[in-house]
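Annotated features in TrEMBL:
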type	residues	note
DOMAIN	A:1-183	domain 'CheB-type methylesterase'
ACT_SITE	A:Ser12	active site
ACT_SITE	A:His39	active site
ACT_SITE	A:Asp132	active site
Amino acid sequence: MRKTAALVIGGSAGSLDVLLKILPQISPNIGFSIIIVVHRKQGTDSLLSDLLSHRTALKVKEADEKEKINKGYIYIAPSDYHLLIEKDFTFSLDYSEKINYSRPSIDVTFQTAADAYGDQLACLLLSGSNADGVNGLISAKKNGGITLAQDPESAQVKYMPEQAILRANVSAVLKIEEMANYINSLSLNP
Amino acid sequence: MSQAGVISDEQVEILINDVLEHHGYDFTGYSRASLKRRLSRLYSLDKHLSFAEFRYKTLNDDVYFKHFVEGVTVNVTEMFRDPSFYRLLRKQILPNLNTYPFIRIWLAGCSTGEEAYSIAILLKELNLLQKSLIYATDINPTVLEKASNGMFPLSQMKSYSENYIAAGGIKDFSSYYSANYNLAKFDEELKRKMIFSTHNLVSDRSFNEFQLILCRNVLIYFDRPLQFRVLQLFDQSLENLGYLALGTKETIDFSPISATYKKVGTEKVWRKVGA
């Protein structure tokens with residue numbers, strides 16, 4: 001039976017609104033960790049954590065380097081660092097070159113998460129204007145993970161989820177209204 | 001281009017072992033996810049046809065090995081990165097060091113030197129440069145050569161100038177360099193107080209005592225045991241009442257040295273307060 005250990009959500013332009021809509025509906029009893037990587041300006045870290053923590057009963061915190069990843073937490077990738085998942089399920093940070101003009105890069109977190117979690121990973125790619133995250137979805141799928149994209153019709157900026165659907169052969173395409181249910185059901189060994 | 005999974009976990013360990021045995025560079029304490037990405041990136045960029053070829057060149061070709069070290073370590077840096085940190089240096093920490101007849105600063109992991117020149121500019125504006133020495137070290141001799149040239153891409157100067165102003169700078173930033181084709185060459189005067197030298201934080205010892213040690217965004221690449229060892233090396237190299245500055249996401253909390261250090265302000269700076 002399949003079990004989800006982590007859900008990584010990536011997004012860029014237009015993704016914050018989606019997060020604000022779906023977080024309140026995510027069950028406080030999910031048995032896995034949620035890791036959020038969104039492109040944004042430098043120096044807005046605490047703002048984003050504050051914003052999201054008001055929308056959920058789950059604990060929201062910025063991912064610290066070498067921190068153990070716990071279930072039932074929502075972790076936010078800090079701005080201007082890549083966020084990587086180690087095999088022992090801790091975070092590490094990396095200030096290397098931007099990938100797809102982005103740091104944090106969604107690809108980096110998806111790919112290292114795919115390495116660490118294998119088939120216990122789910123990845124969701126939201127609205128955005130570049131293709132960061134698509135290669136990561138391909139890696140996640142290859143390692144047996146579930147891959148999801150926002151329905152481009154519901155996205156403020158279609159390009160990112162469109163590229164995901166075009167290139168990554170995603171497991172499912174979700175409208176915003178469908179996301180919370182889908183995420184809650186990941187706890188239940190679908 | 002996807003670089004994921006080009007190099008396997010087993011191959012990472014093989015390379016770490018090779019490099020330790022044949023070249024004496026110890027990467028065993030590096031965080032694996034990042035190291036694996038760096039190795040995969042290098043493998044793809046250099047267009048190796050097989051892992052065997054990559055391994056052979058790394059083992060046997062000393063010129064290639066220099067390139068390997070440069071590729072595996074992260075050398076992304078900028079001038080006056082995190083302006084609020086440099087403001088603290090300018091307003092509080094460097095003025096406090098004025099009480100010493102001679103100021104010794106260790107910049108560990110200086111990479112291509114952007115931080116060294118930023119600090120030299122602050123020292124000069126505070127009239128401290130003439131009695132200061134900046135020891136800028138890195139594991140990687142190639143970046144030290146670049147650092148000692150003091151030339152950075154002209155295209156970066158606009159953003160560095162903005163950082164400089166955000167860090168409390170009031171001069172015309174362009175007065176510190178002369179434009180030379182697409183490079184900005186920084187004043188020789190700034191460089192006169194810098195000593196560039198290779199130093200490997202993993203294997204080399206303390207080599208002096210300092211009043212200020214900066215090591216920003218280096219420890220994030222190390223695992224916890226290695227981070228603690230390096231922090232102890234800094235502790236041995238820091239005078240009492242000296243300052244230790246780390247990157248914005250790094251900390252000495254929970255480390256063996258934390259009991260004898262006190263945090264300064266909201267930045268990642270600690271002062272050694274003695275046992």
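In case you wondered, yes, glycine gets a Cβ from its N, Cα and C as well.
Cα to Cα, A:Ser12 (active site) and A:His39 (active site) are separated by 5 Å. Looking just at the domain 'CheB-type methylesterase' (A:1-183), the mean pLDDT is 95. Long-range Cβ proximity for A:His39 (active site), meaning a same-chain Cβ under 8 A and a gap of 6 or more residues, is found for A:Gly11, A:Ser12, A:Ala13, A:Ser102, A:Pro104, A:Ile106, A:Gly128, A:Asp132.
For A:Asp132 (active site), other Cβ atoms within 10 Å of its Cβ number 27. All protein chains considered, the CB of A:Ser12 (active site) has 25 other CB atoms within 10 Å.
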